[in-house]
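Enquirer: As annotated in TrEMBL:
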- B:46-117: domain 'Cupin type-2' (DOMAIN)
Protein chains: 2
Amino acid sequence: MPKLDLSQIPFKGGSSYPGKLAQATAGRFVQRLGDAGGLTQYGVNMVRLEPGGLSSLRHYHMEQDEFALMVDGELILIDDDGEHVMRAGDCASWPAGEANGHHLVNRTDTPATFLVVGTHTPTETAYYSDIDMMVKDDANGFSFTRKDGSPLTADQIGDDND
Amino acid sequence: MPKLDLSQIPFKGGSSYPGKLAQATAGRFVQRLGDAGGLTQYGVNMVRLEPGGLSSLRHYHMEQDEFALMVDGELILIDDDGEHVMRAGDCASWPAGEANGHHLVNRTDTPATFLVVGTHTPTETAYYSDIDMMVKDDANGFSFTRKDGSPLTADQIGDDND
């Protein structure tokens with residue numbers, strides 16, 4: 001039925017970032033509401049950030065609109081314009097192709113939660129603002145490279161021990 | 001900037017329903033967050049329902065995914081499965097083409113608020129569950145007819161005085 005049974009939709013950790021970059025989002029847990037509800041045209045995720053957690057590396061999307069609504073707690077939205085406090089009810093939107101890299105950071109000592117929506121598109125390119133990395137997504141999955149398309153190297157993504 | 005200044009985005013009333021049917025949503029006020037934030041791929045609206053208010057006539061979409069998150073207050077989700085209480089944090093999703101007509105009704109004595117997301121598509125058809133009406137939307141705007149395509153008649157949409 002349309003009303004979702006939230007108790008049956010787990011919050012999952014994990015990251016698609018390569019190598020040691022995956023550590024960046026260790027404090028992020030995602031509940032995939034849209035997928036659970038059978039939606040295919042856009043994703044809707046509830047995201048919980050533990051203290052110190054990041055929503056992502058700072059990035060922007062070329063093809064996909066993105067929208068966030070703060071649900072609980074306090075986060076700092078960091079983008080090219082600076083830092084912006086986000087509390088319950090606050091909203092932000094990032095139209096596809098606008099090159100303003102952004103992420104949300106939890107600097108408090110309690111978890112914080114936001115809802116995020118992102119279009120599903122057959123292909124996508126996103127750029128990372130603070131490191132020389134981009135990601136392309138298509139039917140073959142994610143491909144992370146430098147912004148010129150060359151491979152990432154050990155100094156960028158070497159394992160946890162380097 | 002991506003963070004929205006909610007104080008600058010008004011809650012507006014009004015309805016595109018023809019004739020007297022527009023009265024059905026007299027208690028509904030919509031804040032168009034996605035439009036204000038420059039999003040084009042889907043709409044994101046904050047919707048406030050006053051006591052007695054309806055989100056819409058009960059309907060389902062053929063081409064557009066729809067998602068709702070309750071933000072404040074209590075509403076009743078009515079669909080083909082019956083009635084479901086919706087309180088802050090509760091979510092519902094309606095995949096495009098699933099013929100389960102739905103709407104939200106405020107039976108309490110205080111306003112209630114929910115966030116709703118709907119895909120923007122070049123064309124759309126929606127069917128109304130409780131009356132003989134459908135709507136088609138395209139570059140020419142909304143067109144409300146009976147489900148067989150014939151015009152609505154005065155007994156359906158006659159003005160307030162009939």
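Yeah, the Cβs are placed from backbone N, Cα and C, and that goes for glycine too.
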Enquirer: Please count the residues of the domain 'Cupin type-2' (B:46-117) that DSSP assigns to helix (H, G, I), strand (E, B) and coil.
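Expert: Helix, strand, coil within the domain 'Cupin type-2' (B:46-117): 0 helix, 41 strand, 31 coil.
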Enquirer: Could you pull the average pLDDT for the domain 'Cupin type-2' (B:46-117)?
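Expert: 98, rounded to a whole number.
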